[in-house]
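Just below is one structure, and these are the notes that go with it.
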């Protein structure tokens, strides 16, 4: 319980910090009341329309990635698994890139995220067709890798065929992932879809615990693997698809956060689900703070910073695990 | 009353039947050993009886809603995926009994403690399961199955890789369970231990049930020669029957 309390405290602290830090010089005494519409109208506008959606999206996206990462690792019983493994984020990115390239994105605000979401859900449908609803976890990974590769190749093709350098720039910057300059419209689009995903994933705890003993033992303990797999795929598609749709590709969260928190949860997959949700939200909020603090003038992209933090962290974890195995 | 009833159970891999029209029942108080050479269909028969494999014929356990409270299944594959404490692994056996909230009641805890004690793991509660030796991990998984506290226990080669004392202790627990009115079905390769601890043996050969009865009636020289290609002696001693294989027959 202390773990959850400290993670929640960390999340709240980072969320508040995210609201208080930005390019406009505001003191917390001015900015926090402005969140509730008190004080200078300009400050109110900055807080409600710029900083609040940014902090909310960072937390929601991080939570989605952390939760689905923990669920995916629990299902595949592999600490190297991550939500991107089943091709959801790659497909969502492809949808977004096509929206940018064809100009659909310019038609209305939500055109791009809706297109990305549609591709994410489509990719899960494709995986189910390839692997079958009763497919073993290995077939699922292979189908996911194939779809990821295809989505990656098609994304490159779109970049390759882009009519002018500006379009290519736009696509590349979008692909790097960011929560800057998003509005509450993005939050209201992503939140309901993510919530569906969270509900589906949060109910997996018992099944994932049982899977610790292998698929056969889990099934004999009353876990229906077919339902578990469907809920996992649906939940990941909704949570990660919605996350990628509004922020672009943010990697490493789903891989590193569960890995980092596993020792603190007694390695129990069900406890890890909740812990990773809080931890993922904190990590993305922290990375987004770093984006604003390190090089405020350069418009650093969240996905880039996340990978720069995440990769060495992951190397460190591998190094530690290696020593444990020896 | 039977704990498990299997009628004309058939499992096909392609066209070839791996388990071929097998029928048997297990009553409370029986410790049944399932014996047969490699590839005779022991694992497949047990998995199909549990409803984990598509099959023809009938098994009383194939309804997944009642299975988890009727039979505990200890697969041959000894999987402990995460570095969880021993007690947490054993607690997984209580999953079918736990309420939605996952709260472990006093009755659950009592079953867990009993299972740990029976497998000699009481001192290992807080140890990380994946850091134990292979044999100790096997005992943790046996404790997990015992904690499920079901009328029937089905185990696939539970004593493979255990030291001699742990082998005897495990089969001792199984036979005690049977004496207390539970049922046990376990596949075994050690015919000597099968003869000593089981009340009844099922002999499988190429997917067919070729003998079913008390150990002395199943482990006959003819059956051993025909099914196992072994020449062996069964000595009746005051410690029970002793089985010693002597030669491989052509």
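Even glycines carry a Cβ here, placed using N, Cα and C.
Residues or ranges marked as transmembrane segment in TrEMBL: A:84-104, A:110-131, A:138-163, A:183-204, A:237-261, A:273-295, A:302-319.
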Long-range neighbours of the transmembrane segment (A:138-163), counting only residues six or more past its ends (CB under 8 A): 76, 81, 84-87, 90-91, 93-94, 97-98, 101, 119, 123, 126-127, 130-132, 171-172, 175, 229, 233
Leading stretch by Cβ pairs under 8 Å, where the reference is the transmembrane segment (A:237-261) and the options are A:84-104, A:110-131, A:183-204, A:273-295, A:302-319: A:302-319
Residues of the parent chain within Cβ reach of the transmembrane segment (A:273-295), under 8 Å, 6 or more residues beyond its termini: 3-4, 7-8, 10-11, 14-15, 17-18, 21-23, 54-55, 58-67, 69-71, 74, 178-180, 198, 201-202, 204-205, 208, 250, 253-254, 256-258, 260-261, 264-265, 301-302, 305-306, 309
Beyond the flanks of the transmembrane segment (A:84-104) by 6 or more, those residues with Cβ under 8 Å of it: 72, 76, 111-113, 115-120, 122-124, 127, 140-141, 143-148, 150-152, 154-155, 158-159, 161-162, 167, 170-171, 174-175, 233, 236-237, 240-241, 244-245, 248-249, 251, 254
